[in-house]
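Accompanying notes for the structure given below.
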């Protein structure tokens, strides 16, 4: 049984929607908070969490009337407690407090904590059997099989926040699941869409951080430039929608207007369109199964001069080849790919390896660990974190070799 609903018509729960935002001070969390503000009277905020931005967390908690606020860094506890003194808001710190926030009585949880730290809280939220708006990639990339099984077993509803997966989710409502042929994820192509292999190999940090369409953090902007973001999205779609690897295609769409397409047996292709603005999929998830007013710019089709598509080049962008190989290998290979990529991106941003070295380090780590039999799929958050740790250590050990080959 899939935890992602196949139809859009389930009734809205009666009364106000009780909301928890895990990762409230990040871009996704802030956008969610803004939508909650706009819908005053329809939402009540139960809990908010942050990594270490105590000032912003305290401000949001007071403004939104949260009942509980938690910070990941335990050393920030005293600061948060002081910032919320006299407010009546309960305060916590550390991993256990993040899990407590996820377990609080909310019927809609935004899981937007970044990185592996968001895995256990998201698992906890799914275990409550309510709606989880999933923005944390690690849940699906590192522990997709375990997470979706856990969500389904507890009758949780998982709504994809990522723009491409949200587009697929919306488009799937146009037909029956058994009539689905394939899905198509779109990619902007990033800053190096038309660059040569040599230009890509030697790209600078500054060049890689110039995304043509989206305003994002440094890590995801580099992932867009390498197309590892699309590789990770393939893994996410594989688990979210219970697809076979050959049912997931990618098209480069430079305008970033069409976010995802679904093809059915009668050869109808249904697509979701919108301005490149993450507030649209967030609003869709917050209002689901209904629609709420969103703040994104209205799409003016008359002003669009063209919508173009290109097949991606797996030679210039080996991430797309590596993710296919990881899915074929199965087990923990996707977890290894994600961890190695994080080490590689951090090393590139620190100017320790060239841009082309990112994919080479990921491939070398996959070869080292999958060959050693580290291929059992994680069955829990702890197992996923253990594989993640091993892969990071392996990637770090291989780093000097990758750097040496580039010199």
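Any Cβ shown, glycine's included, is placed from N, Cα and C.
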Which of these, 90, 95, 100, 233, does Swiss-Prot say binds Mn(2+) at the same site as 162, 164? 233
Given that Swiss-Prot records 25, 26, 27, 28, 136, 138, 217 as binding NADPH, the matching residue among 53, 154, 155, 166 is 53
Within 10 Å of residue 233 (1-deoxy-D-xylulose 5-phosphate binding site), Cα to Cα, which of the binding-site residues 25, 26, 28, 53, 136, 217 are there? none
Identify which of the binding-site residues 26, 217 has its Cβ surrounded by the largest number of other Cβ atoms within 10 Å, counting every protein chain shown. 26
Given the binding-site residues 137, 162, 229, which one's Cα is the least distant from that of residue 27 (NADPH binding site)? 162
Which same-chain residues, if any, lie at least 6 apart from residue 138 (NADPH binding site) yet have Cβ under 8 Å of it: 115, 116, 118, 119, 338, 384, 388
Cβ neighbour count within 10 Å, max among the binding-site residues 25, 27, 53, 136, 229, goes to 136
NADPH site span - longest C-alpha distance across 25, 26, 27, 28, 53, 136, 138, 217, in Å: 21
Residue 162 (Mn(2+) binding site) and residue 25 (NADPH binding site), Cα-Cα, nearest whole angstrom: 17
